[in-house]
Amino acid sequence: MRAAVIGSGAWGTAFAKVLGDAGSEVTMWARRESVAAEIRDQHGNEGSLPGIRLSKLITATTDLAEAVDEAEMIAIAVPSQTLRGNLADWAGFFPADATVISLMKGIELGTLKRMSEVIVETARVAAERVVVVSGPNLAPEIAADQPTATVVACTDEDRARQVQHALATPYFRPYTSDDVLGCELGGAVKNVIALAYGMASAIGLGDNTKASLITRGLAETSRLGVALGADPLTFAGLAGLGDLVASCSSRLSRNRTFGEHLGRGESLEQAQAATRQTAEGVKSCLSIRDLARAHSVEMPIVEQVEKVCHEGADPRVAVKLLMTREMKPE
Ligand SMILES: NC(=O)c1ccc[n+]([C@@H]2O[C@H](COP(=O)([O-])OP(=O)(O)OC[C@H]3O[C@@H](n4cnc5c(N)ncnc54)[C@H](O)[C@@H]3O)[C@@H](O)[C@H]2O)c1
Ligand SMILES: O=P(O)(O)OC[C@H](O)CO
């Protein structure tokens, strides 16, 4: 198949590699000509994925129209909060029948929309043409051909199966799902829980604390998902528990790393200066908190992460507040 990948950061690059290794012809879009030229001429992207070699069949351009020309699949991996503005410029170039694949894990500030909803609304693409790919998918590990699994979610089962086949490689095993909402929420909320995990880690808290954070983090993710109409079983799967465990336990996770900076007492600005790539949970903790409040769902960990990130709260005080909440059954 012919595929375009928009966004040449860590995940866009690793995903292009998967598509290429699975047999598609891939054109990537990069913002900077230096990145496009490096992918095209040197088959690498040192700034985002040091040491990774890409197939010579993967090419890149800074011209969006050229990137998506005749594409049957268009995968998007840009920061969640820029997507709406990006699509306003880009959507006119998308071929009418192309499948649009969302790789992003965030909730839009203000509108509280999921990325697939932003795509449907802004690119005027029917919901059944939008596929979400989400799971325990740390880009550097995938780019190094380390085996993992993922979920390909779409309301159109045939389209999900088509993308599943277009992504299958010996190191990347996709499963299909029709629970687009659950998969997207799992991916967005785990970033916030990974921030909390990073903070706990930096404070020096132990494995019981971390296991409690993962488990109760998953409980609040599922609570929000069920309130919004997701399948509760999705949260026990790759796009729920799988992704949560990967991000919390890995030093490769940008969200966990960002949380560690905050846990060491750095301010939001200091943590931002120390980390370069996208840590979606930092902004999505605000939108997820607002989404939960709008649906009267309690998300105490998300609430505390927001306070540490944006209100200057001390992570140690956040832990104390979580531990002294009203007693209740599990
Ligand atoms: N890195 C991973 O392991 C991973 C895995 C799964 C999902 N994701 C998700 O994929 C999305 C992208 O993450 P990433 O890891 O590729 O981030 P990244 O920071 O490595 O790359 C982001 C890309 O977006 C581009 N970009 C930045 N601002 C932009 C703007 N205003 N307009 C257009 N493009 C802009 C950057 O140039 C870069 O190419 C996020 O939602 C993330 O949660 C990441
Ligand atoms: O590096 P993070 O924290 O953005 O996590 C990357 C992926 O979402 C893991 O599945």
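Just so you know, glycine gets a Cβ as well, placed from its N, Cα and C.
Because TrEMBL annotations are produced automatically, they should be read as predictions rather than curated entries.
If you look up TrEMBL, you'll see Lys190 marked as active site, proton acceptor. For Trp11, Arg31, Arg32, Lys105, Ala139, Arg254, Glu280, the entry in TrEMBL reads NADPH binding site. Here TrEMBL flags Lys105, Gly135, Lys190, Asp243, Ser253, Arg254, Asn255 as sn-glycerol 3-phosphate binding site. Annotation source TrEMBL lists domain 'Glycerol-3-phosphate dehydrogenase NAD-dependent N-terminal' at 4-159. Residues annotated as domain 'Glycerol-3-phosphate dehydrogenase NAD-dependent C-terminal' in TrEMBL: 179-319.
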Comparing the Cα of Ala139 (NADPH binding site) with the Cα atoms of the recorded positions Lys190, Asp243, Ser253, Asn255, the shortest distance belongs to Ser253
From the Cα of Glu280 (NADPH binding site) across to the Cα of Ser253 (sn-glycerol 3-phosphate binding site), what is the distance in angstrom? 11
May I ask you to report the DSSP-based helix, strand or coil state of Arg32 (NADPH binding site)? coil
Any idea of the Cα spread of the NADPH site, Trp11, Arg31, Arg32, Lys105, Ala139, Arg254, Glu280, as a max distance in Å? 23
Alpha-carbon distance [Asn255 (sn-glycerol 3-phosphate binding site); Arg31 (NADPH binding site)] in Å: 23
Scan Trp11, Arg31, Lys190 for recorded positions whose C-beta lands under 6 Å from an atom of ligand 1 and note them, or write none. Trp11, Arg31
Could you count the residues of the domain 'Glycerol-3-phosphate dehydrogenase NAD-dependent C-terminal' (179-319) that DSSP puts in helix, in strand and in coil? 111 helix, 0 strand, 30 coil
Pairwise Cα distance maximum in Å, sn-glycerol 3-phosphate-binding residues per record: Lys105, Gly135, Lys190, Asp243, Ser253, Arg254, Asn255: 15
What is the interatomic distance between the Cα atoms of Gly135 (sn-glycerol 3-phosphate binding site) and Lys105 (NADPH binding site), given in whole Å? 10
Distant-in-sequence Cβ neighbours of Trp11 (NADPH binding site), under 8 Å, six or more positions away: Ala77, Leu103, Asn137, Ala139
Within the chain of Arg254 (NADPH binding site), which residues six or more apart in sequence place their C-beta under 8 angstroms from its C-beta? Thr275, Gln277, Thr278, Ala279
For ligand 2, list the recorded positions among Trp11, Arg31, Arg32, Lys190 whose CB atom is within a distance below 6 Å of it, in sequence order. none
